[in-house]
Amino acid sequence: MSKKPVMLMILDGFGISPNKEGNAVAAANKPNYDRLFNKYPHTELQASGLEVGLPEGQMGNSEVGHLNIGAGRIIYQELTRITKEIKEGTFFTNKALVKAMDEAKENNTSLHLMGLLSNGGVHSHIDHLKGLLELAKKKGLQKVYVHAFMDGRDVAPSSGKDFIVELENAMKEIGVGEIATISGRYYAMDRDNRWERVELAYNAMALGEGEKASSAVEAIEKSYHDNKTDEFVLPTVIEEDGHPVARIKDGDSVIFFNFRPDRAREITRAIVDPEFKGFERKQLHVNFVCMTQYDKTLECVDVAYRPESYTNTLGEYVASKGLNQLRIAETEKYAHVTFFFNGGVEQPNTNEDRALIASPKVATYDLKPEMSAYEVTDELINRLDQDKYDMIILNFANPDMVGHTGVQEAAVKAIEAVDECLGKVADKVLEKEGTLFITADHGNAEVMIDYSTGKPMTAHTSDPVPFLWVSKDAEGKSLKDGGKLADIAPTMLTVMGLEVPSEMTGTCLLNK
């Protein structure tokens, strides 16, 4: 007998905006989505701000979205947690941070603060860097150096200069700190083993090699002059009198203030991992602190904020009922449907199968907007025909990853490719008498231009996301309004005929 699978399809970066201008979601020809939208119950969910455990007004992101969906409750994000501790003062007694600074003071070595310089709040926040500078000042440190990774992706593409000026003003006001290097996140924050990029960022920080400039402002202005926006700033060493302001040396303390792990792992391994094989380099022996736990297998680092653990996430609970589940995505979003969806747990649940489809190797995804959506779909259809799975979690990366390029025509093509796949998947699920829920983790592709400047917009948005209930049982029924991402899991469990565990504080969205 065929199983009646319950599937959640996450259209990554597919938000809802009433504004049609620069809206790739509205501009795309998506007959399958429209057909399902018109026939089946649907509502909108909040995917940003307080509803997902972020500060008010803060745009959502993929990690936060998948954590909230998988947990079935609002998960207070590291961003909110750390900001709160800075305000309350407990940040300044954090054991790992204090220890790194005390060691630098005792050994008369340097303190290096590295991370993404913006207020994007996806990977880092400039306020956390300011908090570290204040702590360094309190500790009486003088040799404090910032290695700034330029953003231009979670914030406007050329906003980096403003963040450099803001940082320089803060350092002047606090009375400590100098910028030693700047690197675009394309180099310093790769997550696809493109070691030739990471090596350039490493060489700037550890060897003082790379582009040269006499100030960070000069470096970024030159980059703009060369038509390279923040994300793509070549790793640049700031010099004084022909010598690097600072480089990371043995015995120094290093604090990496990014709180999101996925794009922090590679450069961290390059600096500290004795088994590192990405490129030839001399291993540094430093006191290294990760703001959060980037990787359990990294044993040679301290962690300032260890993960909070969550029991009875959707995957764990479904597994405890003896049911089979599948997680499927291409490389760019594989960690999201596995690690993040499971509440930051790497280990698969019992009877949880995983299918990883390789993302295409292209410089930027506007060059291949369909990415690997067709391959993901083929694999998924094969798996559905095995009649093995009770629950399937699927992610299509395209609207987000192509949305990040700022190229609207490509984002439209990305959504059209996904719509084609969505149609095939929906037909197959309905053929199996299953249920398909369609949603997104946050917005992106529905706003491809910055309305204030008319320039391309590459960042996420705070827009709501769709939630569709596609099933023979759903016809003629309705969903509640006013929901959030944390309400998806309780809704899915209800459809699966399972009791919602008490840890899930989200609400079932089915109107009785």
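Cβ from N, Cα, C; glycine included.
Among ASP12, ASP102, ASP487, the residue that Swiss-Prot places alongside SER62, ASP441, HIS442 at the Mn(2+) 2 binding site is ASP12.
DSSP assigns ASP400 (Mn(2+) 1 binding site) to a helix in the three-state reduction. Within 8 Å of the Cβ centroid of the Mn(2+) 1 site, not counting the listed residues ASP400, HIS404, HIS460, the chain contributes ASP12, GLY13, ASN61, SER62, ARG153, PRO399, MET401, GLY403, HIS442, ASN444, ALA445, THR458, ALA459. Other Cβ atoms within 10 Å of the Cβ of ASP400 (Mn(2+) 1 binding site) number 31 in total over all chains. Counting other Cβ atoms within 10 Å of each Cβ, the lowest count among the binding-site residues ASP12, ASP154, ASP441 belongs to ASP154. Across the fold, the C-alpha of ASP400 (Mn(2+) 1 binding site) and the C-alpha of ASP12 (Mn(2+) 2 binding site) stand 5 Å from each other.
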